[in-house]
Amino acid sequence: METVSLVPLEGLDDLSAQSAAIKKIEQNFSNIDSLASVTNHKISLIQQKKTIEAQIKNEVHSELEKSKKGLETLYKSYNRINRMDESFSDTVELCSETSNLIGHYQLIKKVNTVRVNLINILKEVDRLLTIPEKAAEIEQLLSDDLNLLEIHSKLRELERLHQKALKQFESNFEELEAIKEMFSSVPELSHRFENKIWNIVSNSIDIAQIKPAVLVKVAQIIEREKLHEQKQKEKKSQNSLISSEGIHDDDDDDDDTEVNLNNSNKQQNNENENSSSNNNNNYDINNEDEGYDRNRSNYGDRFLEVLIQSISGKFEPMFLNSHNDLVQTLKDVNKMVDELFIVMDIVQECYPPSYDLFNFYVDQYHTKFYSLFGSFSNLMESSHVNNNYQVVVTKNIPSAHILMLVEWVVKNYSRDLSRLGIQDISPPLLDSLDPLIKIYKMHIKQLMREWCDNIINNDNQNKPEVVDGQYCSLAPIQLFESVASQLDIAAATKCQKLVVGVMEEVVSALMYFQVQSITLLQERNHEIKLENVIAYVNNNSKCYDHTQTIVDKVSNILDSEHMGYLDFDPVLEGFLNVSKVATQAISSVIFRDLDECIHKFYTVEWYQEDLMQPIINTFEDYVTNDIQKYILENYLKRLALLLLDTLIEQLLAQLIGGKNKFNENTYKILSNDCDKLLDFFKKYLRLSVVTAKVQILEDFKQMITSSIDMVPVYFRSVINFHKDINERVVELVLYQRTDISKSEITEVLGQIKTIVETVHTDPTNPPTGIFSRMNIYQRGWFS
């Protein structure tokens, strides 16, 4: 495309401006139709141009006016400088002309200096003579705390006079001693005044309730002193900076000039001091002598130190007496908490907000509370540790006191903190009571274990009652009444940590109760009457229900986090286990009566008389007369199943380990025994269950009486349900048969071994069961 050259625009010499204008034109007239609006655009641009020209004209006029005024000011200044030069020259000339007109000028000059010095000395003497009067006035003002500001102003004035006098006469020992004697009352007054200030600060809470205005005045005095300290630091910093830059006074000034300068400074200081005396309540920190140092500690730091000492002094008696009278200590602690409300409502209002006194008091009091309770807790713990057993003995501190402390912290203190507007404070005060909670837990542990032992002993000595047709004792009621009592006591404190601790010991005690019960049932069941053993079954089943109730109750008391610390599952399983062991104990009682009869099985006597019937009769007698009416139905079924399993296991042990040979009557007698077992146990168990249990006797009957070829078949039937059987069992049985040879036995045992290897694929994890419990690996079993 051909490039079209642009015609330069009139009035636009700058190329960038021309380019911008051309782009604007291209933008507004990009097509032919837009040319119709050329006139409108032209009018608009002309109007904009006029507006811009008017603005520029105004700005130029304004700048010209400013420049004109500046030139006028510069011209006037130049004229004044010229006149000053002329006047100075005239003055020098006049001074030179008149210096010789006055006779004895130098002498007159010295006399005048002496006169000025004498006047100043007389003024100083007059001021010094008023010191006793001012000291007496301050002494009188000290009797009323409301005069603190006035006392502070007057006392600081005396201190400044004292300091200046010491400076002026420091080269004359006699005069210096006289000055010290004259001002002897000033240091004492200062000391008394400061002690008064800090005594008021120490007793801020008490004074705030009587004369809060006094605290306001003390705060003003402290602020004055802090401001003075700040100014002194700034001056020292400036002086250090000047010294570092090498700036110093001219050492060549003559003596007369130095005296005059000193006198001038004295006059200026005297004027300032008079001004201060006339306006005591408007204290000007700037009238302090630059070189004056009162050698006092930082007022801000001293203020905090006094408060901390005051608070420590209040707590010291409680630290000393808490272990002797905890109740009184807790009353004192309540008073201290009440003081925090006074601080919030009155004391903090008397001091500047920057002091943040309320939070300071809260932090200090909370720290002291934590230390107080912590030291008391540690003292109680250390004084009750038995080094032989490492247990805490709780005779010297009543558990009621521990509960009282915990309840106060959780209820009262937390409520008061909330009223004070404090939502969270660290460390939690309850943490300081951890040693006491530990002591209380040990108390619960000992108490619960004593109760458990007593309950078990009494339970075995007394005959159980029949409740709803079942044997029951008071053991569950007594046990869980004690548990509920301890839970209620702990819950009353509203302390979840204590509830968790108590329930941990309760869980431990319940498991201890279970262990003791199991030990008794397993090792001494022969000493316990049958009805008591039956009561154990029923009781522990009820204990399971009671435990569930306790779990529900605890879950309503604790939040989910604290509830997570407790595990009741072992307790629930433990009570079921006790009932199981009690059921086994009933079985042991019954089988003690059957022991002699069972040992006759598969002997000569077994062939001569019916031994199964006496066993069935014994079962019938126990179950019908002594057990069925007094035991829970589900445990009756478990007992029946246990009796059947135990009997079958003992019969198999007799069968496998028998030393008598089988004969032609073996099959018939075994069949009769199996039928009698089925007939009896089907009354208490499902027929399918009894049949499955008795099937193993049927299979052994077939292995004893069938042909040698069928033995592996019946062995397979047995191993399907009893994986722990092996070829050794079959070997012991087959060697009691008289109708087969050893070679046949050897051959069939090979087949049996193959079956066993097929089933037992993991030699490191052998199966367990009836046969694994039998001692069948001793060769003495062979006849």
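Glycine residues also receive a Cβ, built from the backbone N, Cα and C atoms like all the rest.
What you are looking at is a predicted structure, and each value in this text was computed from that prediction instead of being measured.
Swiss-Prot lists coiled coil at one of the ranges 147-184, 527-564, 717-754, namely 147-184.
Mean pLDDT for the coiled coil (147-184) in this predicted model: 67.
Remark: secondary structure over the compositional bias 'Basic and acidic residues' (228-237) totals 10 helix, 0 strand, 0 coil, with classes taken from DSSP.
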